Structures are given as C-alpha cells and as structure tokens.
Amino acid sequence: MMGPHPAVADVRRAIRESLSDLDEGSLVLVACSGGADSLALAACLGFVAPRLGLRAGLVTVDHDLQPGSRSRADDLVRLSPSLGLDVAEAVTVQVGTLGGPEAAARIARYAALDEVSARLGAVVLLGHTRDDQAETVLLRLARGSGARSLSGMAEVSGVYRRPLLGVSRTRTEEACAALGLIPWHDPHNDDPRFTRVKVRQTLLPLLESDLGPGIADALARTARLCRDDADALDDWADRVYAEARDLGTGLSTALLAELPAAVRRRVIHRAAVAAGSPPSALAAVHIEEAERLITRWTGQKGVDLPGGVGVVRRYGRLMFTSSLS
Ligand SMILES: Nc1ncnc2c1ncn2[C@@H]1O[C@H](COP(=O)(O)OP(=O)(O)OP(=O)(O)O)[C@@H](O)[C@H]1O
C-alpha cells in the first residue's frame, strides 16, 4: 500500500508530537481560517486524533470585514465531517477599532477562540508555520529585542498550541494539494503595506539567495535557542526576586549591583510589574533607565515608569512606588 504524501506525513507527525501528552478523550480544535496552514492542520488532525484517542474539531472566526466571509466560514463547517472532525463552529465577531484594523481583528479573534475553548474545555491549535516564526524573529531583531522576544512564538501557550512551527508554509500548501483541498487565499497576505508582507516577499527571499538557502530554518532555530536562554534567565530572576522581596520593601542595591545585567534587568522588571506597571507598556528603555540608578549612580532623581510607578534609590535600596495606591 502506498504511504501518505511526504508533506501530509510531515504535518501528521508534527501534530502527533505536539499532542502526545494529552489525556484520552481530550478535545482538540483547530483554529481554522481556511488558509493552507490551518486547513492542512485541520485535515491532518482529523486523521491523527482518533488514532491517539482524542476528539477533534475546528473553529473558524468570521470577522465580518469582507463580503463573503460568513459563507467561507459556513463552507468550512460543512467540510469538516469529511475531514474526520466531529465538532465545528463558526463564530461571527464584532471587530472594534482599537490599535488599527489588524490588531482589532486579532483581539476579537482570540477573545472568540478563548470563549470556545473555555466552553468546550478544548485545546486550540494554531497554524503558524516555520516561515511565520522566521518573519517574527526578523521583525523583532529589527526592533532591538532581548532573548525572550527573539524566542518568537511559543509552541505551547495556555490552551493554544502551534504544532507547525517546524513545518514550512510550502509544505502545508503541498499537503492541501495532496489531499485535494483548495485553501482560501487571504488578500492581506499579499498587501505590501504590511511590514510583515514586505519581510515575507522581499527580505526573506533576498537573504535566502544572498546568504544561502535555509534562512527560515536558521531563524526558527535561533528562536528555539533564545527561548531556552530566556527560560533559564527568567528562572534565575524569579529566584532572586522571591528572596529579595522577602527582605522587605524595595530591592537591595548591593544585591542588584552584583547580578549579571540580564538577570538584574529581569528582577527590576518584576518589581516594576509588582508595583503596577503594565507589562505591555513596560519597554526595554524603561528598565534600562531604572537600571542606571544602580550602574550609573550619580545621585540622580527617580525614574517614572508606565502605570504611575516611580523608582527611587534611597538608603541602599531601590524603592518602587505607585502613585495610584
Ligand atoms: N478567521 C480565523 N478563524 C480561525 N482561526 C484563525 C483565523 N485567522 C487566523 N486564524 C488562526 O491563526 C493562525 C495565524 O493566522 P494569521 O497568520 O493570519 O494571524 P495574524 O493576523 O498574523 O495574527 P496572529 O499571528 O497573532 O494570530 C492561523 O494559522 C489560524 O490557526
């Protein structure tokens, strides 16, 4: 008997590896846009899940922004039984305007996926590929990021899993073709006004031809290595912070001065968040400014951080104050 097409075999293997820790009978849903990545994921999950004793389905979110989006969602729901999926939901969401249309659509989409996952007690699979990971790493590199940020998208994050981070986008297109599935082509993916599209269409091909093939693979590997480094440094900082906190208010400047810079900045970050700085607003420049109270101390006055948090150095301690409490 002929085996599956190699691209189909790759996607199935990636799913098996990603789900091997789940209990029998668990429900796994693919967040499916109809694009090649998540369609290949859905079809291959339908094959793999029963063999792992898992239940499988898909959920598709209609952002109601383009004509025909609801019927595309309905088509996916109709298709799902033939893919071996027992559960299928199409959710239409209201997209706000906060942060621009793309960001607003993403916020609405994840809110809908969170809700379905919580209601059905399901793990949710996302179709991000190795190429998405490579693009993410390049974009973050260009912004001047640390190891955590360069570690890109996580394979597991709460109820979400990304089984395809080691599989190329081309591979998912080949898998769809081999299975006779016609993916939906998102016009946004070709719109050169988006920086990510420029990275995809211009920068990565240029790097690929000038630096040699395998750049996407190399960037995805960088992400994995950075993740391990960031995890180790975070663990270290957690331990230092837990001990330093027990000593009373503020952090000892002598202790902070002795720490390696990577750990010191993480400890300051933890203290700032504990004092009320929102992590999303707290940038590397803020932490570096606070760090200068240790490394470049000339008796300067305090530093203001987002969320109304102030940092001052007093009597051998770095004190974090909140103007809100
Ligand atoms: N309309 C949708 N319905 C369900 N899932 C979706 C939808 N759009 C995207 N997804 C899921 O999200 C994954 C990533 O999609 P895409 O690359 O288009 O997202 P993005 O706009 O870059 O945002 P992010 O990567 O932060 O999710 C897809 O592979 C799919 O699993």
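Cβ from N, Cα, C; glycine included.
These come from TrEMBL:
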type    : residues                     : note
DOMAIN  : 28-201                       : domain 'tRNA(Ile)-lysidine/2-thiocytidine synthase N-terminal'
BINDING : S33, G34, G35, A36, D37, S38 : ATP binding site
DOMAIN  : 251-318                      : domain 'tRNA(Ile)-lysidine synthase substrate-binding'
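In sequence order, V30, A31, C32, L126, G127 constitute the residues six or more apart from S38 (ATP binding site) in its chain with CB-CB distances below 8 Å. Counting residue by residue with DSSP, the domain 'tRNA(Ile)-lysidine synthase substrate-binding' (251-318) contains 33 helix, 13 strand, 22 coil.
Among the binding-site residues S33, G34, A36, S38, the residues whose Cβ sits under 6 Å from any atom of ligand 1 are S33, S38. The Cβ of D37 (ATP binding site) lies under 8 Å from the Cβ of G127, H128, T129, D132, L164, R169, T172, each of these being in the same chain and 6 or more residues away along the sequence. Across the residues of the domain 'tRNA(Ile)-lysidine/2-thiocytidine synthase N-terminal' (28-201), the predicted structure has a mean pLDDT of 95. Cβ atoms within 8 Å of the centroid of the Cβ atoms of S33, G34, G35, A36, D37, S38 (the ATP site) belong to the same-chain residues C32, L39, A40, L41, G127, T172, P183, W184, D186, site residues excluded. Taking Cβ-Cβ distances under 8 Å and a sequence gap of 6 or more within the same chain, the neighbours of G35 (ATP binding site) are G127, P183, W184, H185, D186, N189.
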